[in-house]
C-alpha cells in the first residue's frame, strides 16, 4: 500500500532509537570514529578536487566537506541503516562533468539547471518510496552484489596506487645521477638574464627548474652572471622576478622514496595489527585493543616516522576559509532567472537517469551491508534510507553542494571496525563472531568532525598523504577479501586436495563453481571497461 514499506521501516527502527546511542558507549567506537573520519576526509578531498576540475570550481573541496558533513549527519540521525557512510561516487562525478559541458555548450546556467534536476530526482525518489519500489532489491543476488563490491574495491586499490604514481611525477627521481659528478650539481637564483633553454636535469635539494646541463657528463666550468645571488629561497627568487639556474633545481631527493615507504608500511601495519586479535601472544584484552585501534596506531606511528625524518612529504591540506571555491557563485541557488522557463520541465529527462543511478548505487550497497552473515539485530530500512537520500537531494541542489549516496567500501570498513567477537574461547580456538555494534553515534561523530575540519587544518596538515593512501589500499583489500568471489578465485589456482572445506563445495560440482566464477570475472571486466569510458554514466544500468 502507499508508503506501507516506509511505515514498516519506521515502526521497526523506532524501538531501537534510544539504544542506537547507548550502544555506542564502548572504546571500540572511538577507534571506528577516528578511522572512518580520516578515510572520509581523504575521500572528500579527492572527489572535491575532481569535481572542481570537472565544473570549473562551481563545486570544490570546501563544498564537498560541507555537503558531506550536513548530508551524513542528517542521514545518521534519521536513516534506517545508520552504519552507512554517504559520499560522492564515480557515476555521479561523470554525470556532473557531462552536465557542466552540456550547460557550457548551450549557454545555460549550470547550477540552476542542476537544481531542477535535483528537485525532479527528489520527486521521483519519493514516488519510488511511496510505491515500495525498494522491494526490487530481492532480485539483487550474490552474483550482482559481489560484482559491484569487487568493482568498487578494485577502484579503491587502483586509485591509491595511481595517487602514489602521481607523487612520483611531482617529485621525480633523477635516474641519470652519477656520484662522481656531485661537484657539478648546484642551484642559484638569476635575477637578470633570461631563463636557459630546457635540457637535461640533475640532482639536488632545490625546487622546480630546467637546465641545459647533462648530469651524467663531467663537470664543466661556466661563467656565472654577476646578478646571480646566493641565499635567496626559491619562493623569494621567483617573487622578485628571477629564475632558478643550475643542475640541482628539478629534483627533491628522497621524498618519493619515503612516500612509497610510508605507503607500504601503513598498508602492511594496518593488515598486521588487524590480524593481531588472533595472535598467540599477549592477553586477549591487549590483542583486542591493538586490533580495534589498528588504523589509528598505524597512522600515529607513520606520522612520527615522517616527523622524525623531517622531509617535506605531501601533507593533508583542508580548506581553511568558509567561502565558495568559485567566487562567482553564492551559497543559495535560485530556481529562476538565469535559464529559459522550459528548462525546469526539460530537466525531468536527465533526472530519470540520475534517479536510476542513485537507486541502484544506494540499494546495492544497502543489500551488501545488510547481509545475513553480519548478524544484524535491529533490521534494515531500505525505504527509509531511500527517502533520506531523496530529501537530501533537495537541500544539496538548492545550496550547490554535491549529491551523495552510500559509499560501499567506506561503509564496509565502518562495519568491520565495529565487529563484536567472543572474549573467552578454548585454547587454540578462534573467537566467535557475534555481530556488529549497531548504533548511530560513530557515523554522526564522523560527519560532525568533517564539519569542523576547516578549523582543524593546523593539526591535520601534519598527516602525510601517502599514509592515507595506504589506509585506502587497506580498505580496498579488506573489502575485496570480505566477498566469496575472492575465495572462489583462489580455488581456480588450488589443487583439489588443498581446497578448504567450504559448504558450497559439498553441494555444487567444482566445474560448476569454476564456470560461475569465470562468468562473474568476465562481467567484472566488462564493468571496468564501461567505468573507464564516458559510458560510465550507464554503469548502474549495466550492473
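Including glycine, each Cβ sits where the backbone N, Cα and C put it.
The annotation domain 'Bicarbonate transporter-like transmembrane' is assigned in TrEMBL to 1-543.
Taken from TrEMBL, the feature region 'Disordered' covers 202-221.
Residues or ranges marked as transmembrane segment in TrEMBL: 32-52 (among others).
Taken from TrEMBL, the feature transmembrane segment covers 64-93 (among others).
TrEMBL lists 113-131 (among others) with the feature transmembrane segment. Proximity of distant same-chain residues to the transmembrane segment (113-131), defined by a Cβ-Cβ separation under 8 Å and at least 6 residues beyond the stretch ends, is recorded for 2-3, 5-6, 96, 99, 103, 333, 335, 339, 343-344, 347-348, 350-352, 354-355, 358-359, 383, 386-387, 389-391, 393-394, 396-398, 400, 403.
Panel annotation: around the transmembrane segment (143-161), residues 46, 90, 263, 364-365, 367-368, 371, 408-409, 412, 469-470, 472-473, 475-477, 479-480, 482-486, 516, 520, 523-524, 527-528, 531, 543 of the same chain, lying at least six beyond its termini, place a Cβ under 8 Å from a Cβ of the stretch. Residues or ranges marked as transmembrane segment by TrEMBL: 143-161 (among others).
The list of residues near the transmembrane segment (255-273) in space but at least 6 beyond its ends in sequence, with Cβ under 8 angstroms from a Cβ of it, reads 160, 164, 167-168, 171-173, 290-291, 293-295, 297-299, 301-302, 305-306, 309, 311-314, 464-467, 469-471, 473-474, 477. Per TrEMBL, transmembrane segment is recorded for 255-273 (among others).
Sequence annotations record features per position, and here TrEMBL assigns transmembrane segment to 293-311 (among others).
Per TrEMBL, the feature transmembrane segment maps to 331-359 (among others).
Among the features that TrEMBL reports, transmembrane segment is placed at 380-405 (among others).
The annotation transmembrane segment is assigned in TrEMBL to 441-460 (among others).
TrEMBL lists 467-485 (among others) with the feature transmembrane segment.
Under the heading transmembrane segment, TrEMBL lists 513-539 (among others).
Contacts between the transmembrane segment (32-52) and the transmembrane segment (293-311): present, as 3 or more C-beta pairs lie under 8 angstroms, all at sequence separation of six or more.
Between the transmembrane segment (380-405) and the transmembrane segment (64-93) there are at least 3 Cβ pairs closer than 8 Å, counting only pairs 6 or more residues apart in sequence, which means the two stretches are in contact. Counted as Cβ pairs under 8 Å, contacts with the transmembrane segment (441-460) are highest for 64-93 among 64-93, 293-311, 331-359, 467-485.
Long-range Cβ contacts of the transmembrane segment (293-311) within its own chain (Cβ-Cβ under 8 Å, at least 6 residues beyond either end) map to 31, 34-35, 38, 254-255, 258, 262, 265-266, 269-270, 273-274, 276, 417, 462-464, 467-468, 470-471, 474.
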